Amino acid sequence: MAAPTLMQCLVAISLLSCAAQAQLSTTFYASSCPNLQTIVRTAMTQAVSAEQRMGASLLRLFFHDCFVQLGGPTWNVPLGRRDSTTASASLANSNLPPPTASLGTLISLFAMQGLSARDMTALSGAHTIGQARCTTFRSRIYGDTNINASFAALRQQTCPRSGGDGTLAPIDVQTPARFDTDYFTNLLSQRGLFHSDQELFNGGSQDALVRQYSASASLFNSDFVAAMIKMGNVGVLTGTAGQIRRNCHVVNS
């Protein structure tokens, strides 16, 4: 029997789900889908094995109101979050921090969601995995002054001043496929790929925390888990609000 795809798992979850309770719970699917965690973990392991970028993509998806469970540090994920019946690209673009954001903008955008500056810095550590398109970091490698010259030259080899917008580069130059603290270590030597990354360590309020995370994986993992759970409780739809989609991409018909 073929292994289930991630979409098949999501469909199964939605079909087997009972009515949502008044709040999120780590045991939300205990009765309707007791093997949920095994099913999802298996599907995700297969997806990431087939395409390493999928791990980062699914992590980013957490910001977009769909259910996932990630690798790296582990925690009991509060379940039962429902999907919105509407979607707005402009609202997403205005609320998600751009790669050109200043530290002040980053802090403000996260504060709008009830997340602290510490939460923001911990969550930024998700950039330890994944890749980015040339167009998102071109202005940094050709225009910023707070960038390691050798690192800029390396990225310029595959990201020209014009053209090649879709060319990919690892966000974490050291260990792009491993969830660790090298992302923060990179910032200490001005090797942040995005302007917004390097803003976390640029003579501002988060410098000390970046140093701490670079030196302590346990501290970073602990703060990252706490921030992920906190973020997962932002704008929660429960009860009869929203819906559990049969297809995460579209509203149920």
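In case you wondered, yes, glycine gets a Cβ from its N, Cα and C as well.
Feature annotations, reproduced from TrEMBL:
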- 1-22: signal peptide (SIGNAL)
- 56-252: domain 'Plant heme peroxidase family profile' (DOMAIN)
- PRO97: substrate binding site (BINDING)
- HIS127: heme b binding site (BINDING)
- THR128, ASP172, THR175, ASP180: Ca(2+) binding site (BINDING)
- CYS134-CYS159: disulfide bond (DISULFID)
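Sequence features, as recorded in TrEMBL, placed on the structure.
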residue : record                 : Cβ contacts under 8 Å, 6 or more apart
PRO97   : substrate binding site : THR105, LEU106, LEU109, PHE110, SER196
HIS127  : heme b binding site    : ILE171, ASP172, TYR183, LEU193, PHE194, ASP197
THR128  : Ca(2+) binding site    : ILE171, ASP172, THR175, ARG178, PHE179, ASP180, THR181, ASP182, TYR183
CYS134  : disulfide bond         : THR158, CYS159, PRO160, GLY164, ASP165, GLY166, THR167, LEU168, ALA169
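All protein chains shown were included, and the count of other CB atoms within 10 Å of the CB of THR175 (Ca(2+) binding site) stands at 16. Each of the binding-site residues ASP172, ASP180 was scored by how many other Cβ atoms lie within 10 Å of its Cβ, and the smallest score goes to ASP180. Within 8 Å of the centroid defined by the CB atoms of THR128, ASP172, THR175, ASP180, the record's Ca(2+) site, lie the Cβ atoms of ILE129, GLN174, PRO176, ARG178, PHE179, THR181, ASP182, TYR183, excluding the listed residues themselves.
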